[in-house]
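Per TrEMBL, the features are as follows:
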{"type": "DOMAIN", "residues": "9-218", "note": "domain 'YjeF N-terminal'"}
{"type": "BINDING", "residues": "58-62, 131-137, ASP160, ALA263, GLY326, HIS377, ASP441", "note": "(6S)-NADPHX binding site"}
{"type": "BINDING", "residues": "ASN59, ASP127, SER163", "note": "K(+) binding site"}
{"type": "DOMAIN", "residues": "228-500", "note": "domain 'YjeF C-terminal'"}
{"type": "BINDING", "residues": "LYS412, GLY413, ALA414, HIS415, SER416, GLY440", "note": "AMP binding site"}
Amino acid sequence: MKIFSKEQIYEGDKLTTERQGIHSTDLMERAGEQIFNWMHLRMQGAQVPIHVFCGIGNNGGDGLVLARHLILAGYSVKTYVVNYSHKRSKDFLINYDRIKNVTKDWPILMESEEDFPMIAQDDIIVDAVFGVGLNRPVANWVQALFRHFKTSNAFTLSIDIPSGLYLDKTPEHESGIVNASYTLSFTCPKLVFFLPETAQFTKQWEVLDIGLDAEFMQTTQTDAVIIGKYEVLPIYKPRDPFSHKGHFGHCLVVGGSYGKIGAVILASRAALSSGCGLVTSYIPKCGYTALQASFPEAMVITDNDENHITDIHFEIAPSVIAVGVGMGTDYKTISALENFLKHNNTPLVIDADGINILAKNQSFLKLLPKQTVLTPHPKELERLIGKWSDDFDKLEKAKAFSKKHDVILVIKGAHSITVYGNMLYINSTGNPGLATAGSGDVLTGIITGLISQGYDALSATVFGVYLHGKSADIAVEDYGYQSLIASHVIEYFGAAYLDLFKQPEPVEDNTENKKES
Ligand SMILES: NC(=O)C1=CN([C@@H]2O[C@H](COP(=O)(O)OP(=O)(O)OC[C@H]3O[C@@H](n4cnc5c(N)ncnc54)[C@H](O)[C@@H]3O)[C@@H](O)[C@H]2O)[C@@H](O)CC1
Ligand SMILES: [K+]
């Protein structure tokens, strides 16, 4: 699913009205009606007090349309105009007039903290104060209103975006943002729903389709995409019945040090489970028995050193090499990596201490093959690209780094984001159970295994991150967040593949049966 920018959203709205021959007020009517339908379906006429807070722009206009429909359907509604400016939008004004035709209970004008109403915990708040048009800090009294919402503990439904969030930057004050229980967002989710600093402002969100022009939706290129099943299905390569293991490549996993051989075992097992044909683990001598005993499918090459990687040297011809998991940053390992990079032309996936070594020795970066995949967690990322001031700065720095070195970066987190050039691929799978030892090693193995099967590095990364999260989502049903461990993600990997082809459960239609009985 595409994430449109602010400019694209306005452009899409404008094009839609032109191409569908409708007025912008009609589009607002659709938007407000969609919100009404969503609420009506769930509330079924329940007489819960609903407080609809409207700003003076088009987000406020949506709120007024909703309030009108709620009143007409017999709900108990109080409408407020949060009068933070006198520059009311045209469609707001049209709907301000329209609501006066359906109620004598006119919208209450709010201009300061003295106008705040009582809101009980069991009431419902609709937040239609600011939408995507917010472009400067919110006035203090309006921030106080948002805090008033929060202290009421009432269910808060935000329209389009929690008010106080910008579309393209991190807000100045955390306390001046609506804490939405649920956000109904038009056309596409907003990037801020996925970033660590701002995702917290909506517990859940859903996209409402307001029927924007289909051609606009299809042809507009965005620089951020959410990766779900329908984005990865076209990437999937089906297997030829006559294929043999030689078709799926040979992964070499280089890493491990005394006490950290498990990381290589996990990455190697994950590579094989993702479908590569052969896997060889390259480890210090101390890990030989552990690796052979716990993972008989792997071949093993050992370094001459007992405890560290000191010379990356092999006679095989792997299709892709993963470097770094559990490897440590011993000075001999650093020089082994440098020598290896000087002669290597095989595609690479670099993780963990491999990234730490690159961060400390940035001259190595120019030795990387094109489209090397780097999978840092936040601390490793910071070592690599430097400190950032906020999430948007982080993404800009990551893009610049990716472009400068032609690398694919996976920013791991609750919504892992793959960055390549100017593009952001935001993963939709995964859960807090993945915050566990070794889950990153498994991801490295999966991406490596996919590259070895012939997926290009970017597709392998985006697909690998998706499958890794999906596997955890399926496994968590059996293990719960606390007990999920990295090995389970490997064990459930087959289920993640099979899930790609599962049809959604059909919605049962009992109408016929009801008629007969
Ligand atoms: N354009 C369209 O055709 C549609 C727009 N829709 C709604 O319109 C919203 C965008 O509407 P607007 O562009 O009117 O903007 P908003 O309603 O988000 O904001 C209102 C206006 O307030 C001003 N403003 C921004 N920051 C301020 C601040 N801190 N203090 C005081 N004033 C401030 C701006 O001039 C802005 O236009 C969307 O989020 C969506 O809810 C929907 O009705 C669907 C159709
Ligand atoms: K809002």
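The backbone N, Cα and C atoms fix where each Cβ goes, and this holds for glycine too.
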Cα within 10 Å of VAL132 ((6S)-NADPHX binding site) - qualifying binding-site residues among ASN59, SER163, GLY413, HIS415: ASN59, SER163
Listed binding-site residues adjacent to ligand 2, that is, members of ASN58, VAL132, SER163, HIS377, ALA414, SER416 whose C-beta is under 6 A away: SER163
From binding-site residues ASN135, LYS412, GLY413, ALA414, SER416, the one whose Cα lies nearest ASN59 (K(+) binding site): ASN135
Most Cβ neighbours inside 10 Å, all chains, among the binding-site residues ASP127, ASP160: ASP127
Residues close to AMP site centre defined by LYS412, GLY413, ALA414, HIS415, SER416, GLY440, Cβ within 8 Å: HIS377, VAL410, ILE411, ILE417, ASN427, GLY430, LEU434
Diameter of the AMP binding set by C-alpha atoms, the set being LYS412, GLY413, ALA414, HIS415, SER416, GLY440, in angstrom: 14
Where ASP127 (K(+) binding site) sits in the secondary structure, as DSSP reduces it to three classes: strand
Listed in sequence order, residues with CB under 8 A of LYS412 (AMP binding site) and six or more positions away: THR375, PRO376, HIS377, PRO378, GLY440, LEU443
Most crowded position, judged by CB atoms within 10 A, among HIS377, HIS415 as binding-site residues: HIS415
Three-class DSSP secondary structure - ASN59 (K(+) binding site): helix
Contacting binding-site residues for ligand 1, chosen from ASN135, GLY413, HIS415 when the Cβ sits under 6 angstroms of any of its atoms: ASN135
Distance from GLY61 ((6S)-NADPHX binding site) back to HIS415 (AMP binding site), taken between C-alpha atoms, in Å: 32
Largest tally of Cβ atoms lying within 10 Å of a Cβ, found at which of the binding-site residues GLY61, GLY413, GLY440: GLY61
